[in-house]
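To keep things clear, I will list the structure first and then write my remarks on it.
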Amino acid sequence: METFLFTSESVNEGHPDKLCDQISDAVLDACLAQDPDSKVACETCTKTNMVMVFGEITTKADIDYEKIVRDTCRTIGFVSDDVGLDADNCKVLVNIEQQSPDIAQGVHGHLTKRPEEIGAGDQGHMFGYATDETPELMPLSHVLATKLGARLTEVRKNGTCSWLRPDGKTQVTVEYHNENGAMVPLRVHTVLISTQHDETVTNDEIAADLKEHVIKPVIPEKYLDEKTIFHLNPSGRFVIGGPHGDAGLTGRKIIIDTYGGWGAHGGGAFSGKDPTKVDRSGAYIVRQAAKSIVANGLARRCIVQVSYAIGVPEPLSVFVDSYGTGKIPDKEILKIVKENFDFRPGMIAINLDLKRGGNGRFLKTAAYGHFGRDDPDFTWEVVKPLKWEKA
């Protein structure tokens with residue numbers, strides 16, 4: 001049997017880029033909670049002892065940006081210079097302006113357009129992907145890398161591994177078989193974890209704890225064998241981390257946010273953007289379309305693309321590829337998709353309830369992936385029933 005290796009990586013919530021994603025989405029949540037029509041494009045950057053939020057926001061909400069930044073950093077665990085950032089004493093810079101009136105008139109007519117008339121906030125193309133290899137209908141390599149990152153944070157916060165610090169990265173290589181276009185995972189080939197730690201712990205203790213408390217609970221036993229390779233903190237030392245170790249920026253982890261290198265990506269990031277930004281809303285609706293195709297048995301694996309022009313409500317194109325796994329021809333699947341999903345940005349916002357912020361709704365998406373999550377706030381993960389004639 002022919003097999004191949006495929007690798008996906010993830011980072012946990014203390015990684016500087018992910019810290020920035022979470023701050024940007026915390027700002028979005030705060031804006032939408034008070035004013036669902038907020039127009040938000042919020043970027044964040046960070047380096048030693050400094051966080052800056054900047055961008056374009058038009059909102060009726062009263063926002064304390066500095067408090068949001070400090071609260072988000074503190075919740076993640078950045079509570080001292082030792083761990084990479086001190087939430088209560090770092091510099092917080094804010095440079096927020098209003099949305100360009102040129103963009104506002106073209107997209108939503110300064111809030112006068114009806115939902116079905118709202119144009120895309122920018123041009124671009126987005127992809128949605130689904131595969132039947134996991135219950136989440138997501139790629140296994142991505143699911144495992146993501147869950148390892150989440151578990152690292154869990155055992156840090158609950159005290160199981162008190163030597164852990166917030167920053168960390170994971171990577172999983174899976175051996176696959178291509179079954180007529182569908183992906184069948186056979187085993188985990190390599191597990192890599194690099195996690196920030198304090199000065200007190202030895203490399204042997206790190207490796208033992210990671211195997212026992214992180215890898216064992218996350219990776220099903222059936223995928224591990226005596227040949228599985230483990231690289232656990234292979235650099236030998238990772239004490240300096242967070243923004244002290246590396247600069248961070250919103251939108252730098254778009255593959256981790258989506259499908260771990262599977263499918264395709266149009267390049268647009270998600271965090272800090274309201275639903276008129278099709279980078280986000282367009283990607284969410286095509287995930288729902290792809291997932292619904294697989295869940296309804298139309299195909300075992302599927303990718304959907306949508307594209308937009310700024311100010312134009314209707315998509316320019318919709319594309320479907322079932323990688324040869326479709327039960328009916330792709331052109332018929334495409335017809336079903338177009339009949340069942342409304343790709344106009346104003347309607348996506350209504351149908352997926354994307355103008356509802358607050359309670360960490362979008363903040364939750366900003367670490368551990370936007371897709372394949374079992375949470376009612378992730379409305380784009382709800383499978384739509386699709387009617388089709390079985391051949």
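Using the three backbone atoms N, Cα and C, a Cβ is placed for every residue, glycine included.
Positions annotated as Mg(2+) binding site by Swiss-Prot: Glu9. The ATP binding site annotation in Swiss-Prot covers His15, Asp167, Gly168, Lys169, Ser235, Gly236, Arg237, Phe238, Asp246, Arg252, Lys253, Ala269, Lys273, Lys277. Annotated K(+) binding site per Swiss-Prot: Glu43, in sequence order. Feature annotation from Swiss-Prot assigns L-methionine binding site to Glu56, Gln99, Asp246, Lys277.
Structure with Swiss-Prot features highlighted.
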| residue | record | contacts (Cβ under 8 Å, 6+ apart) |
| --- | --- | --- |
| Glu43 | K(+) binding site | Cys20, Ser24, Val53, Phe54, Gly55, Leu249, Thr250, Gly251, Gly272 |
| Glu56 | L-methionine binding site | Lys39, Val40, Ala41, Ile96, Glu97, Gln98, Gln99, Ser100 |
| Gly168 | ATP binding site | Val11, Asn12, Gly14, His15, Gly149, Leu152, Thr153, Ile193, Ser194, Thr195, Gln196, Gly241 |
| Ser235 | ATP binding site | Ser194 |
| Arg237 | ATP binding site | none |
| Asp246 | ATP binding site | Pro16 |
| Lys253 | ATP binding site | Val11, His15, Asp17, Lys18, Asp21 |
| Lys273 | ATP binding site | Leu28, Val40, Ala41, Cys42, Asp279, Arg280 |
| Lys277 | L-methionine binding site | Ala41, Gly121, Asp122, Gly268 |
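For the recorded site, Glu56 (L-methionine binding site), the DSSP three-state label reads strand. According to DSSP, the residue listed as 'K(+) binding site' sits within a strand segment.
One residue stands out among the binding-site residues Glu9, His15 for having the most other Cβ atoms within 10 Å of its Cβ: His15.
In this record, ATP is bound by His15, Asp167, Gly168, Lys169, Ser235, Gly236, Arg237, Phe238, Asp246, Arg252, Lys253, Ala269, Lys273, Lys277; the longest C-alpha to C-alpha distance in that set is 42 Å.
All protein chains shown were included, and the count of other CB atoms within 10 Å of the CB of Gln99 (L-methionine binding site) stands at 22.
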